[in-house]
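Undergrad: Could you have a look at this structure, given as structure tokens, before my questions?
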Amino acid sequence: MNCIRLVNQEHRLEADESRWTRELVWIDENTQLQPVCARALNAWITHCGGETEVTFVSGWRSYAQQRTIMTDTENERGWDYAHQFVAEVRASEHHTGLAIDLGIAGKDQDLICPDFSGPLADRMRECADQFGFIFRYPKHKTEITGISEEPWHYRYVGLPHAQIIADHDWVLEEYAAFLKAYTQARPYLYDDGQRRWQLWTQPLGETLPPTENTAVESSQLDESTCLFVKALDPEPMLEGRDRAWVELDGIALRHNLTVLRKAMTPYQEIMAVLKANAYGHGLEPTADFLSRQGVRHFAVATVEEAKVIRAVNPTAEILILGYVPPQRAAEVSRLRLSLTLTSYDQACQLDQTGFAIDAHLPVDTGMHRLGEAAEDLDAIVRYYSLSHLRITGLYSHLYEADNLDAEAVAHTQAQIDRFFHVADALKERGIDPGRLHLQGSYGFLNYPELRCDLVRFGIALFGCVAPFRSRMELDLRPVASVHTRIAALRSLRKGEGAGYNHAWTAPCDTTVAILSIGYSDGLFRSSSFQGVEVLIHGQRRPLIGAMCMDQCLVDLGTLPAAIGEEVVVIGIQGSESISALEVAEKNETIVPETLSMLRGRMPRILV
């Protein structure tokens, strides 16, 4: 991401704004930022203890929005005021999605001059550079920036740039001028106490000179200059990232939650389906994160899963979708869990325990899995007369909602008709069916018009829906990425075998990397024979041979690599990416199975 771009009256952005809009994420229902900025902002606010106090007044703005703000401010407050605090179109940092105007909850949230003052604001300013942010418009630099002091406005430039700017008490204009002048003769070296960095500039469009294997990042400094940054030391290894781990992108999860909420009607609520360890994402961190984002309804498969959610959210409404025997009635009642009534016999046994229990009633609309047949209304009605069970929900499941063939659509529509016929018939008999929920992820994406109270989102929350299976095009982002490290390197000559039974033979002299992840971590044992690849230095390399329990092998060819280097199994590295959908299709399975197979021994790390 081009985080260091200088934007002001003299250095305006290009006429085409699309390059700044492709990766934007929602950080609340009204504010968008670039992912790298959003992630750093979240860490900064959390570090300062401002999760409940800091509000987002303005983030990314389109050219059209900026034009409207300028015009409105000129009309309402005068030309002088407007040009003192509002940048012109293409001269505003807000167009980049790397600038944020902050406010304090309960204070004036004026769009042009919000109130961001007090002890929390002071704490955040003191450590902003540690998280890649700069106080963009200080009072004593107005003549340089052309903008009056804005205590609420921060710009993300990343590391080490924010630290260098803070060390010298510069603004971005001064930093850009220094880099262009200083690095014409020699690179600039900077030591932040943990890592050393080398920075230099070149005219935009010139070829990067030969460098060592260490990765070099490039950014456009202004309309004529490119800035190159090279880390001379490796990034410190963070806790939990030693062997194999799963990273959870909290910014992507919040973005997906916002996108789905915007697509729903105001009276609908999300029921987050977190069975199978939250589809492999980690039940506890996922439930905790979603609870803090205001999700009130959850669905799981077992009592044990429900207990994990109850521990992090004492007030959540939690539905167990699987069978629960009557012997656990006391525990279910004490934990205030809702049960699925899988049969009338089970319902009667639960009722006879005498414990007050809430339950949801499934209706068999064609899947023939759980519930009474939709056509047998009398069989359904009898559940509502049980003494100790309170039916608070009625639901069914669309078994072909992800299939858009004409025949499948007809089957789904028949299910929909049967379900609502049951709900309406109950109401006609004076029975409140409870909250209605019929759609899962694909049920909503392909049939969003259904009048249900709850929508059961599972895989959509985690950004892993297949676009060819969905009518609705929503910008959902993958949340989980899987990482490992190179444990060893082996040089093989042409014809030598590797791994169990020498299932792979080197076609030429090559280097094999042994990765510290295997089928006991959740990788499919057949992956090596299905064309599955991993990312090393941003390049795809194939898995080879028979996968081991704790390791697997990769043919590096001539790609240089070192022991301890990070490898991406699912996710993004450099400009390349490998999605869970790609891995699933190569293994001839589906994304939910692929992710749910990820074992608990791999730490889940929220980033």
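Each residue's number is its place along the chain shown, starting with 1.
Even glycines carry a Cβ here, placed using N, Cα and C.
Straight out of TrEMBL:
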MOD_RES   LYS275  N6-(pyridoxal phosphate)lysine
ACT_SITE  LYS275  active site, proton acceptor
BINDING   ARG369, MET549  substrate binding site
DOMAIN    479-607  domain 'Alanine racemase C-terminal'
ACT_SITE  TYR500  active site, proton acceptor
Undergrad: In the domain 'Alanine racemase C-terminal' (479-607), how many residues does DSSP put in helix, strand and coil?
TA: 24 helix, 53 strand, 52 coil
Undergrad: I'd like the number of other C-beta atoms within 10 A of the C-beta of the residue listed as 'N6-(pyridoxal phosphate)lysine', please.
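TA: That number is 20.
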Undergrad: For MET549 (substrate binding site), what is the tally of other C-beta atoms lying within 10 angstroms of its C-beta?
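TA: 10, counting other Cβ atoms within 10 Å of MET549 (substrate binding site).
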Undergrad: Mind looking up the mean pLDDT for the domain 'Alanine racemase C-terminal' (479-607) in the predicted model?
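TA: Taking every residue of the domain 'Alanine racemase C-terminal' (479-607) together, the mean pLDDT is 95.
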Undergrad: Cα distance, TYR500 (active site, proton acceptor) to MET549 (substrate binding site), nearest Å?
TA: 11
Undergrad: Under 8 Å between C-beta atoms and at least six apart in sequence, can you list the same-chain neighbours of TYR500 (active site, proton acceptor), or say none if there are none?
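TA: Correct list: GLY545, ALA546, CYS548.
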Undergrad: For ARG369 (substrate binding site), what residues in its own chain, 6 or more apart in sequence, show a Cβ-Cβ distance under 8 Å?
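TA: Expected: HIS397.
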